[in-house]
Structures are given as structure tokens and as C-alpha cells.
Amino acid sequence: TGTHESDPAVTATTVLVPYNAKRDKLVNALTYVDADGSECALSYTIRKGSNFPGDIVEDYQLLLLQQVLEAGYIVTLPDYEGKNRAFGVGPLAGRQSLDGIKATLNFDRLNLKANSPVVTTGYSGGAIASGWTAALQPSYGSSINAKGFAMGGTPANMTGTLLKLDNGLFSAFAVAGVTGIAYANDDLLAWLTPRLTAKGRRAVEFARTHCLVSTLLRYPFSRVVSEDFIRGGTHLLEEPIVTNILKDYVMGAKKSQTPTAPVYMYHGRNDEVIPYHDALKAGQMWAEHGADVLFQTDTFPLLGHATTELVNVPNVLFFIQDRFADKSFPKGFRHEYINNPLDSARVREQALQTLVDQIQNIVGDQIGPNDRAIREHIRAHARHA
């Protein structure tokens, strides 16, 4: 594969083959890692016997994977952050995801064909990869028979995302994002390193050696864009070396990076982690450039970032099924508003009540309304640097 600058590189993808496998279709599942530690890569954490401690957020992602595998689809799970564990670097994630698809299609033991249809899906950090897979597929993966791209809670603009995260409960994502972006850009890393304060150096070192939950508990309410972490950090996002990089991490900004297969985007109106309007703007810009985009706004006031992922598992599954079946898809930009994605006739028709019960149990027991249980857990167990 290659880095975001097209330099030669290597990575891994993990392939899951169900017993009832349909050998003519492939799902490219971009799970969120949202961290920079080497042990956070899915190719390691998913393996039996890995030393990685149980991570409840991975369990959330397994709900969709379980449904996809039960439907008989082969699944490929690329380590799209690459060898430098670069969280937040969209173009790199897109290229490595596309090369993961190519490698999987070329893996003869699977009996897939080069033109086997592929559907890509990702949420949150995985939506960074899904969005950039969609954006770069026409140019970098034109040989791939892409049928569609699903993405939810999409960090479509890294500048806006960093500003929303900074100094908030989920500011650890900003720590991991700044670290990942710096390690993917040698010039930025050389510029940033001598400007880090002692606290900033500790934060970068921690982010490079720990995964999502540990970082969340270590760095809530941290001001990364400040003198606290970086000398001159108050103006970090105004520095030319930073703005020149981040301007290339905006979905929909360039007409040459427009998806040609259908795009399904979903986002909670009250998402407390990822900016809603940045994702909406990306979908609108893609459509202005010729893409077909269905943007779903989840309006129920108690849906937070985590709950929005879970309640849309059935809709993502339907999108995958419909793309493989070549069903019709709205042309241009279509905006739908949904109160409760679980309350739909199609969920009832396809007898998904067991899945709905699983989702509701997780939301009630582990997440809570408006992600309250998660937020309280972070506050209660925070270990400040």
C-alpha cells in the first residue's frame, strides 16, 4: 500500500469468512480504532489470545459484524491507520482501505473475483476511513466494483472536529488526533516536537502506547490547542504548516474527490462528539459535485454519539443488502429526518426483534440516554495526567 503521500508502505487486513459464505460479495468494514498505540490495530485485538484487555466499544461494533456474517458476507477489516498508527489522517486511511479491498479480492483462497461487488461501512473514526475510501475510490481504486459507502457520525472536517473535542469530556480524541496527524507528516512532527511542553510530551507518549479507553480516561477536559500542551498552542490551528495539512482533510472540498457509488450518511442532530454540520456540509458538497447522497438526521433528543451508532445497525445492514441487490437509490442529495431508527416497518418485516432487543439492552445498561452512562463512567474513572 502507500501512505497519504503515496510513499511505499505495508499494512494488514483481517478477513472473516462465515460458514455460509457467499463467495461473490465483500463487505469492507472500517472499525473505529481512534488511537495511536501499536496494540490497538484490529488485526491484533481481534485475534484469540491477544493480550489486549476487553474493550466495550469493540463489542458495540461486533453487533453489525455479527449481522453481516450471519447474512453470509465475507468481511475484510483493514488496519487503515498504517505503520505509523496515524489516527485522523483521512487520505491515508482511504488509500490503505482501498488496498485492503484489492488484496482481499486477489486472495485466491477466498474464491472472490476481481469484479466482485464491494460495500464499505464505518462509524465515527471508521467513518473517516469510509468517507475517504469513497472519495478516493474513483481515482485510486477504479478497478474496484464499489456498490456503496455507509458512514455515520462522520468527522468530515478535522479542524472542526478538533475544535469541538478540545477541552471537552472526549478531548482524548483530540490528543490522539493531533498525535496521529503529526506522525503521518514528518515536517509537522519536526515542527511540533520542540514546541511540546512537558505535559504535551507525556500526552503524545501516552497516546502512542495506549488505546481508546485508556486515553479517554487519561485526558478528559484537556486543552490540547493551548499553551498547556504546546508552546504557542493557542494559535495551533492558524499556523501555516498546520492549515496546509488540515485543508486536505476536508471531505467534499475537492471535486476530484467525489464518490461515484451511492453514499449513505447518518448523524445524530445532538451528537456531542463529532460536529453534525460538518458532516452535513460534506454530503451536500459531494452531491453538488455529482454524487448520490442520502443524509439521515436522527432527531431523537436522547441520541448521543454512541447510541446513534447502535440504533442504526439495522439501517446499515439494509443499505448493504440493497446495494448488493442493485436496488434503486435517491439521485443527488436527499435529506431525511428520523426520530427513532429502530421504529420502522422494515425492522419488523425482517424479524430483527432479537437484534433490536440487544441494542436496547446495551443502550439501557451500558450507554444510557444521551450517552449518559458512558459520560458518567469517564468522569468517575478519569485519571488526569
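Quick reminder: no glycine exception, Cβ is built from N, Cα and C everywhere.
Swiss-Prot lists S124 with the feature active site, nucleophile, giving similarity to another entry as the kind of evidence. Residues or ranges marked as active site by Swiss-Prot on the basis of similarity to another entry: D271, H305. Among the features that Swiss-Prot reports, disulfide bond is placed at C40-C211, with the record citing similarity to another entry. What Swiss-Prot records for N157 is N-linked glycosylation site.
Everything Swiss-Prot records as a feature, shown here on the structure.
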residue: C40; record: disulfide bond; Cβ within 10 Å: 24
residue: S124; record: active site, nucleophile; Cβ within 10 Å: 27
residue: N157; record: N-linked glycosylation site; Cβ within 10 Å: 25
residue: C211; record: disulfide bond; Cβ within 10 Å: 24
residue: D271; record: active site; Cβ within 10 Å: 23
residue: H305; record: active site; Cβ within 10 Å: 22
Of the active-site residues listed here (S124, D271, H305), which is spatially closest to C211 (disulfide bond) when Cα positions are compared? S124
Can you see whether DSSP assigns C211 (disulfide bond) to helix, strand or coil? coil
Measuring C-alpha to C-alpha, could you say which of the recorded positions C40, S124, D271 are within 10 Å of H305 (active site)? S124, D271
How far is it from S124 (active site, nucleophile) to C40 (disulfide bond), counting Cα to Cα, in Å? 16
I'm trying to understand the geometry here, so how far is the Cα atom of C40 (disulfide bond) from the Cα atom of the residue listed as 'N-linked glycosylation site', in Å to the nearest whole number? 24
Three-class DSSP secondary structure - N157 (N-linked glycosylation site): strand
Just to verify a number: CA distance, N157 (N-linked glycosylation site) to D271 (active site), in angstrom, no decimals. 15
